[in-house]
Each structure stands twice: as C-alpha cells, then as structure tokens.
Amino acid sequence: MQAYQREFIRFAIERGVLRFGEFTLKSGRTSPYFFNAGLFNSGSALAQLGRFYASAVIESGLDFDVIFGPAYKGIPLGAATAIALAEQHQRDLPWCFNRKEAKDHGEGGTLVGAPLTGRVLIVDDVITAGTAIREVMQIIQAQNAEAAGVLIALNRQERGQGEGELSAIQEVERDYRMPVISIVSLEQVLEYLADDVQLKQHLPAVQAYREQYGI
C-alpha cells in the first residue's frame, strides 16, 4: 500500500465517509462497511480529495488529454482533480462536465468547460452498476473523443448480483477496453484494518463479506 492510500483511508474514516457496522446496500446485501463520498463536503476536504485522486492517476501512468466530471457528483471531483494536478504535479490540463439538461440559450448544449476531445479521463466517486459510465461513454463517443480510463475513489472488488458474475468495474473494463483506477480498493482497506488496533475488531466481518461477494 502506498503512503497516499493509507492517508486516504485514514482521511475517509475521520470524515465519516468510510464507516464500519451493518449497512443495507441498494443491492439488498448487508455490508459491514459503507462509503459515502458525499461527506467530503467542505472546502478543505474537497481539496484534499482532489490531491488523492491526482496521486492515484499519476501513480497509474495513464496518458490522457482532458478531465471529464459527469453530472452531478463527478463535477466537483473533476474540478478538484484538475486543480490538484496543476498545483501538485505541474500538469495543467483542460477539464469539462456535462449538464443533465441541454440549454437552449447562451452557449447552449450539454457540455461546459473545455472541448471534449482526445483521450478523456472520467472522474467519479464509485462505480456501482456501471450505468452512469455507459451514459458517459455515449457523450464521449458523440464528440468523437476516446475514453482513456475512469478514476474513482474506492473499488469495492465485489461481483454483481449473479453467481460468478464479474464486478461492475470489471464489466466496464471489458466492455470499453479501458482501465478503472481507484485511490484504494477493498484489499487496502482490509490491510489498514489489520494494522489498526482500534479498528481491527471490524476485520473479520469485512473479510467474511469479501469471501462471500468478492472477486
């Protein structure tokens, strides 16, 4: 585990973004942990989150030309990542986002910011079912651009609803032949729990969940 990944997990726990206990997910599964990126809800938290995203994409070595933040949650994440790449890594890249509703006045259209051209890095919080990414792919293809990869905060490393199914992330990687980069995966969360005296109590439940639903 990289230092920035350990820092990110600590940061997510401190902000209440990553919690341990018993949570019912939309899928109906009972999960021993829950991740809610909406709680990165202050200026300093968002700035710090952008730095973690930037570290992850730099670490990956991915080549891309423009950052795209899908509406709505991806918009501040894309902006924060673009700022961090410029300020921390001297990579001043264009970024843009989409509107859910097209405007028929002013500049019009559904895209705001830099032109969506070349190799596009999509920035979002998590991939749950992959539906949002499929919508984004249509936007990118309509601009004759190419998706370079997706950058997310957490990879749950969890398969879909059917037995033996791929995870939503693996499906995205397979269907669009692009990588999904995460700041951390469940594997690193398990490693963090094993090393933390206070949180170690949650390790057996998370391990059991991984054994049941993991990929």
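Heads up, residue numbers simply count up from 1 along the chain you see.
Placement of Cβ uses the backbone N, Cα and C atoms for every residue, glycine included.
According to Swiss-Prot, the feature 5-phospho-alpha-D-ribose 1-diphosphate binding site maps to Lys26, 72-73, 99-100, Lys103, His105, 124-132, an assignment based on sequence analysis. The orotate binding site annotation in Swiss-Prot covers Phe34, Phe35, Thr128, Arg156 and rests on sequence analysis.
Structure with Swiss-Prot features highlighted.
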residue : record                                              : DSSP (3 states)
Lys26   : 5-phospho-alpha-D-ribose 1-diphosphate binding site : coil
Phe34   : orotate binding site                                : strand
Lys100  : 5-phospho-alpha-D-ribose 1-diphosphate binding site : strand
Asp125  : 5-phospho-alpha-D-ribose 1-diphosphate binding site : coil
Thr131  : 5-phospho-alpha-D-ribose 1-diphosphate binding site : helix
Arg156  : orotate binding site                                : coil
Can you grab the distance from Thr128 (orotate binding site) over to Lys100 (5-phospho-alpha-D-ribose 1-diphosphate binding site)? Cα atoms, rounded to a whole Å. 19
Span of Phe34, Phe35, Thr128, Arg156 around orotate - largest C-alpha separation, Å: 13
Between Ala129 (5-phospho-alpha-D-ribose 1-diphosphate binding site) and Phe34 (orotate binding site), find the distance joining the two CA atoms and give it rounded to the nearest Å. 16
Cα distance, Arg156 (orotate binding site) to Lys73 (5-phospho-alpha-D-ribose 1-diphosphate binding site), nearest Å? 18
Arg156 (orotate binding site): which of the binding-site residues Lys26, Lys100, Asp125, Ile127, Thr131 is the nearest Cα neighbour? Ile127
Winner by Cβ contact number (other Cβ atoms within 10 Å) across the binding-site residues Lys73, Arg156: Arg156
List every residue in the same chain as Ile127 (5-phospho-alpha-D-ribose 1-diphosphate binding site), at least 6 positions away in sequence, whose Cβ is under 8 Å from its Cβ. Ile133, Val150, Ile152, Asn155, Ala168, Ile169, Val172, Val180
Take the mean position of the Cβ atoms of Phe34, Phe35, Thr128, Arg156, the recorded orotate site. Which other residues of that chain put their Cβ within 8 Å of it? Leu25, Ser31, Tyr33, Val126, Leu154
So among Lys100, Asp125, Thr131, all listed as binding-site residues, which is physically nearest to Phe35 (orotate binding site)? Use the C-alpha atoms. Asp125
Integer Å distance between the CA atoms belonging to Phe34 (orotate binding site) and Asp125 (5-phospho-alpha-D-ribose 1-diphosphate binding site): 13
Other than its own, how many Cβ atoms are within 10 Å of the Cβ belonging to Phe34 (orotate binding site)? 15
Once near-sequence residues are set aside, which residues in the chain of Lys100 (5-phospho-alpha-D-ribose 1-diphosphate binding site), 6 or more away, have Cβ atoms under 8 Å from its Cβ? Ala71, Tyr72, Thr110
